[in-house]
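Q: TrEMBL lists these features:
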REGION    1-43  region 'Disordered'
TRANSMEM  123-144  transmembrane segment
TRANSMEM  172-193  transmembrane segment
TRANSMEM  223-241  transmembrane segment
TRANSMEM  284-307  transmembrane segment
TRANSMEM  319-341  transmembrane segment
TRANSMEM  371-395  transmembrane segment
TRANSMEM  407-429  transmembrane segment
TRANSMEM  484-502  transmembrane segment
TRANSMEM  509-531  transmembrane segment
Amino acid sequence: MANVAKKVSWSGRDRDDDEDGRAGETTPLLNGTGPGAAGSGRQLTPSSFLRIGQLSNVDLNEDIHELETEVPRQRPNEIPHNEKLLSLKYESLDYDNSENQLFLEEERRINHAAFRTVEIKRWVICAMIGILTGLVACFIDIVVENLAGLKYRVVKDNIDKFTAKGGLSFSLLLWATLNASVVMVGSLIVAFIEPVAAGSGIPQIKCYLNGVKIPHVVRLKTLVIKVCGVILSVVGGLAVGKEGPMIHSGSVIAAGISQGRSTSLKRDFKIFEYFRRDTEKRDFVSAGAAAGVSAAFGAPVGGVLFSLEEGASFWNQFLTWRIFFASMISTFTLNSVLSVYHGNAWDLSSPGLINFGRFDSEKMGYTIQEIPIFIFMGVVGGILGALFNALNYWLTMFRIRYIHRPCLQVVEAMLVAAVTATVGFVMIYCSRDCQPIQGSSVAYPLQLFCADGEYNSMATAFFNTPEKSVVNLFHDPPGSYNPMTLGMFTLMYFFLACWTYGLTVSAGVFIPSLLIGAAWGRLFGISLSYLTRGS
């Protein structure tokens, strides 16, 4: 590069003529213009075309000098935290088969019998995905039911004890301490061991199915932290549900089984080696996500539609049937195990983690005049959803700026758990909505200041898991709730759910959304009954 002249010559002209600048001044550019063309009005002649390109006007030294004299850009002292979210840790998955010579030879080598064996293995893997996803869902449901029941029984006995002798502040302290302690453990394992297990995991799985490789998103360690975190979050009394994380759990199960090895355990079982490609693994993860939806809601078709519409961008007809098969196996496994656990072995009465119970269709008649009412309820629900998203957006920006350290995230989760218990206790304490306990299906009835044989209806909503609260709102007879009770519960739970969503815990937002909608819908129905009572 040291021998590069000031002017690049494309002809055999003397260098001296180039350096004195006279040739460059008279030589036109390719478009017929030049330094002297504008002033002299000089036109190109046929003979002048032979001279075009003989001399270039590119001055390399001038360009280099400009680069050297350019003012260097000032680097900020610290990159804002919100610009650190995307890093080089994120890579893309290779969903295109590399049709090299080795791949083509492998495809030619597979005969019809080997191809049939591969297809049978695909169906076997889908069945295993469904079975294990259903068993994981059963484990979560049983553990949550027992631990939450133990906590609420302890708090109920303490409240009943101090209601008579005074000192309910000790009961509040006990409830808040239990909630904060349980949530602290659930947040610690997520924040310090596997941060990718936070939340429901649905956005991460959707990214994976669309080609974004997120580190540790389908690891066995992530599954263990996810399951333990969900249990602790629900038992800790947060406004969360355990259904959403089942999608992530099913995806991790599918990824592990289909590869026949475990990176976390550093074990290779030497099976299913043919499926160790991103394209094959992606299809099985789609089946795992569908199996998770099916186990959560008892809806095999819903699981298939979720993977088709919300998850995967790569689909084919054969994949549809395999995913549907995995979804059916998942909900059947869950239904069978939970039915045996609840003492109804042959009833199959527990199709999913959330079971709204049986409704009397003879009493649920609708008329065409009610359609505008449903439209209005839908509009209000959409407005509430938009408000929820807007509030959560600003809350998320606040967390990104100020609560990005793991220790602060754990403290925030504990604070939310304690505030949730405090709000519930204050709402129950201030409520005077007393209902007769006879004929009620309330699991943990709190009497407080109600008369003998009565219970506080506000406790039905707060002093329970979110799933049980939804079922109670559906099936409790008319008159079980006061409008003021439902209105205050809807308002408080809306803001608690908004604050809880985004914490560094494993949890979902499906059930809180259903609970808010059920409470508001029942309040709307009570209001309509008051308005139409005279007619």
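Positions of Cβ are set from backbone N, Cα and C atoms, glycine also.
Unlike curated entries, TrEMBL annotations are predicted automatically.
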Q: Using a Cβ-Cβ cut-off of under 8 Å, list the residues of the same chain that are 6+ residues beyond the ends of the transmembrane segment (172-193) and lie near it.
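A: For the transmembrane segment (172-193), the nonlocal Cβ contacts are 151, 154-155, 158, 221, 225, 228-229, 231-233, 235-238, 406-407, 409-410, 413-418, 420-422, 424-425, 503-506.
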Q: With pairs closer than 6 in sequence left out, are the transmembrane segment (223-241) and the transmembrane segment (407-429) joined by 3 or more CB pairs under 8 Å?
A: yes
Q: Return the stretch with the most CB pairs under 8 A relative to the transmembrane segment (484-502), choosing among 223-241, 319-341, 509-531.
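A: So the stretch in question is 509-531.
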Q: Hey, which of 123-144, 223-241, 319-341 has the most Cβ-Cβ pairs under 8 Å against the transmembrane segment (509-531)?
A: 223-241
Q: Restricting to the same chain and to residues at least six past its boundaries, which positions have a Cβ under 8 Å from a Cβ of the transmembrane segment (223-241)?
A: 136, 139-140, 143-144, 147-148, 151, 175, 179-180, 182-183, 185-187, 189-190, 193-194, 197-198, 201, 248-249, 252-253, 256, 354, 416-417, 420-421, 424, 465-467, 493, 496-497, 500, 503, 505-512
